[in-house]
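Colleague: Handing you a structure now.
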Amino acid sequence: MIADWLDLTLEGHASARGMGRIPGGRYEIVAPGVLEITPDVTGPKARPCVISAGIHGNETAPIELLGELIAGLESGHLIVGAPLLLILGNLPAIRSGERFITTNLNRLFKRAEASVTGNDCPSDDEPARARQLMAAVDTFYARFPLAEGTRRLHYDMHTAIRDSLYPRFAVVPFSDGDAISASQWPILSAAGIQAVLHQHQHSWTFSHYSRHYHDADAFTLELGQVRPFGANDMAALAPMKALLAALATGTAPAEADPEAIDYFTVEVELMRQSADFTLCFSEDVANFTAFAPGSVVAEDAAAGPCIIGDTPLRVVFPNAKVEIGARAALLLAESSTPTD
Ligand SMILES: [Zn+2]
């Protein structure tokens, strides 16, 4: 039933609405590709959880993880014990195996841009889909008030375009508000996350939406590299699968040493400022590659060379082909384990 829902949704045949029972709770399809699950009884560690996949349509490993979670809940192998909002993000892009159709969905989660046409517009256009998903998250978090001392949670699961020295890493969206709960680091460590990158300014991603507007512990999780369905290394993601199962059942997730994770902050946001712009390293350089002091990492006719200063920096998300005025790479410095 709901496991079929995932397949049918991917094939474009799922009904937009529907509801029913699963062991220990009930489900409701609240929008295409958006499944809300409500437990009859909440578990001891229950927190309202948004778990999303396929915000970029060609990133299939997270969709497989979501499918395995849903199958476990439907079979009764897992008894639902926490409110869940399970989301398949960009449905047309998932169906065509593309990152996006017209524009990158993961830049559109900003409320000011949400009020134009409301929530009843077609879902196969990225701005409309962003509005629909923001509304679904708002409704979900409003429906399940927080127990004293707990916070909301959102894991937005992706896979990265390029190779990475840390295959599995978390991006923490910027917030002016409270720090991420310190309890998250041992949990992410046990789930196989190897590095954490703290963003330095607002970027209107889906995880940022939950952190900025709902004070959630929210992350963009990069879980390996982009591969087609069936070609993902799911064994490497078994600890992440176990974490999702713990969240869904409202039980305590496994924990490991948070010091096993390497933490980074953004030191330099490298912007392309002219047509004559080059990155001075090979196009297939892995994320988190380190550059020693004195290395020239970019040449720009307007801004001049970008030279690494006294401390080595790591590069992530490089892209020399961005528009003029846009970000061409982030340069990171190592930081200590967050304590609060
Ligand atoms: Zn992605």
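Just so you know, glycine gets a Cβ as well, placed from its N, Cα and C.
A TrEMBL annotation is a machine prediction, not a hand-curated record.
According to TrEMBL, the protein has these features:
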type	residues	note
ACT_SITE	Glu222	active site
BINDING	His56, Glu59, His158	Zn(2+) binding site
DOMAIN	49-242	domain 'Succinylglutamate desuccinylase/Aspartoacylase catalytic'
DOMAIN	260-334	domain 'AstE/AspA barrel-sandwich hybrid'
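Tell me what's around each of these sites.
Modeller: In this structure, Glu222 (active site) is part of a beta strand by DSSP. Non-local contacts of Glu222 (active site) by the CB criterion (under 8 A, 6+ apart in sequence, same chain) comprise His158, Thr159, Ala160, Ser164, Arg168, Phe169, Ala170, Val171.
With a 10 A radius on its CB, His158 (Zn(2+) binding site) counts 25 other CB atoms from all the protein chains. Under DSSP, His158 (Zn(2+) binding site) is assigned to a strand (E or B) in the three-state scheme.
Confidence annotation: the domain 'Succinylglutamate desuccinylase/Aspartoacylase catalytic' (49-242) carries a mean pLDDT of 92 in the model.
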Colleague: For the recorded Zn(2+) site, enumerate neighbouring residues of the same chain (Cβ within 8 Å of the Cβ centroid of His56, Glu59, His158, site residues themselves excluded), in sequence order.
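Modeller: Apart from the listed residues, the neighbours are Ala53, Gly54, Ile55, Gly57, Asn58, Pro62, Arg99, Asn106, Met157, Thr159, Ala160, Val226.
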Colleague: Out of His56, Glu59, which of these binding-site residues shows the lowest number of other CB atoms within 10 Å of its CB?
Modeller: His56
